[in-house]
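*Asks:* What TrEMBL records for this protein is below:
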- 12-470: domain 'Aldehyde dehydrogenase' (DOMAIN)
- 246: active site (ACT_SITE)
- 280: active site (ACT_SITE)
Ligand SMILES: NC(=O)c1ccc[n+]([C@@H]2O[C@H](COP(=O)([O-])OP(=O)(O)OC[C@H]3O[C@@H](n4cnc5c(N)ncnc54)[C@H](O)[C@@H]3O)[C@@H](O)[C@H]2O)c1
Ligand SMILES: O=C[C@H](O)CS(=O)(=O)O
């Protein structure tokens, strides 16, 4: 595995210390990366700030062409990037390659969207005035990303930021930094000028505080836990930075008495067990109408029991390891809590010894009640707790009883019931008979403590623009 350094101002530079990167399926150290601190964080902002004027002065078409160079290089090397991702994050290779394609779709989408940053004229209230509304790049952007989607969470920020004319400093998770460095290497090869993209790894708190206190950083775009998101939002206030936060989730998954149960099981399998349940939009609570619970659970158990668990590099594996031992311990804790409160373990929930990798078999619980930890705290693992409900009003109330508001799912073939529930849910994303709603053209994001702002579609590029109007006196 290649020894990666930080990418600052077009140079690959080391730091005084380095951090090990381990494979969660085998525990072996696969690489080391630099441990940046304040000095390197400062240097990255210096580079992005110096590169900003020339990058912002390029036409949208010129920036688009460079982004598409990057897109094509990523596409050509999607297998290699996927292999890097599986080795450091654990997801099955097929999923990893799929994520590379998803990540790349943000680059191609915003390569075009940057050419559609339109202004407006506004009818003046005085005959001797004209009002022109324009949009301009916010400036230097700090992007901090999580370990569960190492490629997509980076390009979902860098794509629109660069298309808008901003420059970026990026800090990926130290658990999965290699994918980000590979993408930076391809950006350099694509001809994106030095200083436009800068990627560092290291002391997250020190890097974050350095960037949040630097007034040249005009925007923080963060994807990660709600707690860290709240910290960054507080830190950003002192220099009034624009803030985008894509935070935690706790998705309700509702199966009504009018659902196509086969589609509902298929939807749940896709939502719950993707990336071994380590996605912010995973179904976390399954509400099934009492009249169809028995049939639904039997179908679900049969599907979950067939999932193949193992090293994501092995052919046919569908469930890889969790990211670390703490992640496995959290799932085990939630299982123990639920069972102690009366839940029934229908299948799975077996953790292999952590010396052999962070594996736990996909689980289904029934006879679940709302007081159980798995119904309250984000699980971030392959555990599906199933509970029942009687009425539409009841399930909407229970589904909304959470500080989170990212994704929710409804499976129903009754259009009136489906729309009533979808409109009643306090979530930014509703999968209606769809377990996998995430696409580059839609406004991905949450309500309540799941975040601020949107990523994707035209909404995503607005996050990197300032609105200015020019009032002309004739
Ligand atoms: N809403 C979304 O789109 C989305 C997507 C992926 C993950 N998530 C959420 O992220 C969480 C899992 O990811 P994670 O474990 O990487 O989250 P995390 O918050 O622990 O880390 C996210 C990033 O923040 C950095 N970080 C940690 N402490 C920091 C600090 N004090 N200052 C600056 N940066 C800091 C980490 O190094 C990492 O790069 C889950 O809650 C999941 O729901 C949300
Ligand atoms: O985990 C969070 C990601 O945003 C999930 S998705 O791939 O965008 O659905």
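Cβ coordinates come from backbone N, Cα and C, glycine included.
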*Asks:* Using a Cβ-Cβ cut-off under 8 angstroms and a sequence gap of six or more, which residues of the chain neighbour residue 246 (active site)?
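*Replies:* Once residues fewer than 6 apart are set aside, residue 246 (active site) is near 153, 222, 223, 224, 280, 444, 445, 446, 450, 451, 453, 455.
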*Asks:* Around residue 280 (active site), how many other C-beta atoms are within 10 angstroms of its C-beta?
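*Replies:* A count of 29.
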*Asks:* Helix, strand or coil at residue 280 (active site), per DSSP?
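*Replies:* Coil, per DSSP.
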*Asks:* Where does residue 246 (active site) sit in DSSP terms: helix, strand, or coil?
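*Replies:* The residue in question, residue 246 (active site), is strand (DSSP, three-state).
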